[in-house]
Amino acid sequence: MPQTRSQAQATISFPKRKLSRALNKAKNSSDAKLEPTNVQTVTCSPRVKALPLSPRKRLGDDNLCNTPHLPPCSPPKQGKKENGPPHSHTLKGRRLVFDNQLTIKSPSKRELAKVHQNKILSSVRKSQEITTNSEQRCPLKKESACVRLFKQEGTCYQQAKLVLNTAVPDRLPAREREMDVIRNFLREHICGKKAGSLYLSGAPGTGKTACLSRILQDLKKELKGFKTIMLNCMSLRTAQAVFPAIAQEICQEEVSRPAGKDMMRKLEKHMTAEKGPMIVLVLDEMDQLDSKGQDVLYTLFEWPWLSNSHLVLIGIANTLDLTDRILPRLQAREKCKPQLLNFPPYTRNQIVTILQDRLNQVSRDQVLDNAAVQFCARKVSAVSGDVRKALDVCRRAIEIVESDVKSQTILKPLSECKSPSEPLIPKRVGLIHISQVISEVDGNRMTLSQEGAQDSFPLQQKILVCSLMLLIRQLKIKEVTLGKLYEAYSKVCRKQQVAAVDQSECLSLSGLLEARGILGLKRNKETRLTKVFFKIEEKEIEHALKDKALIGNILATGLP
């Protein structure tokens, strides 16, 4: 059995050698006949390396010499490894040939890349020199036209809108007197280490918070040795929550437990410490701290007058007579009475000065016409004197003009655009745009739909508005609580035999009227104590509702 296996192995490789000998004999027909011993020597001779196997499997000079002389028969399959020579590795051979080709061609590629890069640099330099000498080239015209298509007049409008925002500006014209009073008060008490209290009152949008914020920012750079704490009381859930908020700002740590005697004692000890810094406590929307017995407000106004106190209290609210009407006990104690400073509504000339000062920061060519600015100031000063409203109206008018200009510019063909050398004159905001915005904001919100269509104002909301109007006339006050309003509303519904909604739905109706801009709400932790007031003139409401039969009857008969 071993002999048969060895013979079988010899017969497998024998035809390959026989095939190579036959080919060699065909080429060398003039040679003598070889003996069987010579056959074995031929197989071991160096000529076997030059036998015409597949050229792709040969390496070195043998491959170059024998590549043209292809064998007449088909070469062995390349995928099988056993067909090759004993020590030949096809993958290694292919990789060596490929690497040699790379090493031969890589220097030329690098040189070509350098030459190509030098050509590009030279062309860029030439193009730069040409553009400096001649500015009217076709590529430049196309680029400028594409840029002008989207940025023709948008930059000036965006800059104007940025300066007309309601943030605290660097300059506050028309409030020099009030700012001098606040600045002198703070310098006197901070530099003199003297406690005190100041109450700022005025309608919304008259610059109370803006003036105080600007002065405090300036004093931080000028004076040292004081700490500022600013709290907006609208963010507090209850009036008692102001004490944990103050303790958190002073101690720089969270206070989880509710305000009690221990916390009050801790705050008073911190404010009366001998080596402690001066504390400037600013409470915005201070009238939201209204509580039973006004204990919170009395405690806050008594803190500056404790022995060795270094607290400077500044309260800000819309109510003019807060200290007189809500805190009458402060009148009995003269030293606890705060210094009062009222911010009157802005006049027409002051609003014009503020708007022009903002617009002059952008460019000399104003986006708004002078007549449009005068018209906006006159309308706003006649209603409320709120400068924030004037800024919003102007910004909205600029947005309308900007949208019109962008739509026209985008739809204009590229060939119709003016040349870049011609100056671009932006479209200015005129009286028409200001009037359009004011009619949207301050127009007749009570106007109903025309041509016999269904009213856009629901019946329950109209009855609630009539009840509020009659209640204000009867009590001769401007604000009523939601509880009293609901009682009057229920009486009117019973008299007119109309189904009334419950108190929670009455609050929802008030919220819808607030969204329309008809009512204003001063919310409280207790729903019945939420204050309701009109945001538009009563004559306008009466004129819009008196034509209807049911509403006219309610207004004529009054409250039952």
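Cβ atoms here come from the backbone N, Cα and C positions, even for glycine.
For Gly205 (ATP binding site), applying a Cβ distance below 8 Å and a minimum sequence separation of six or more within one chain yields Tyr346, Ser384, Gly385, Asp386, Val387, Arg388, Lys389. Residues annotated as ATP binding site in Swiss-Prot, with sequence analysis given as evidence: Gly202, Ala203, Pro204, Gly205, Thr206, Gly207, Lys208, Thr209.
Taken from Swiss-Prot, the feature compositional bias 'Polar residues' covers 1-12 (among others).
Among the features that Swiss-Prot reports, compositional bias 'Polar residues' is placed at 35-44 (among others).
As annotated by Swiss-Prot, phosphoserine applies to Ser45 (among others).
Swiss-Prot lists Ser54 (among others) with the feature phosphoserine, giving a large-scale study or a structure entry as the kind of evidence.
The feature phosphothreonine is assigned by Swiss-Prot to Thr67.
Summarising the annotation, Swiss-Prot assigns phosphoserine to Ser74 (among others).
Annotation comment: Swiss-Prot describes Ser106 (among others) as phosphoserine.
What Swiss-Prot records for Ser127 (among others) is phosphoserine, and it gives a large-scale study or a structure entry as the kind of evidence.
According to Swiss-Prot, the phosphoserine annotation covers Ser419 (among others).
The annotation region 'Disordered' is assigned in Swiss-Prot to 1-91.
Under the heading motif 'Cy', Swiss-Prot lists 93-100. Confidence over the motif 'Cy' (93-100), given as mean pLDDT on the 0 to 100 scale, stands at 44.
Under the DSSP three-state reduction, Gly205 (ATP binding site) is assigned to coil, being neither helix nor strand. Taking the centroid of the Cβ atoms of Gly202, Ala203, Pro204, Gly205, Thr206, Gly207, Lys208, Thr209 as the ATP site, the other same-chain residues with Cβ within 8 Å of it are Asn318, Phe343, Asp386.
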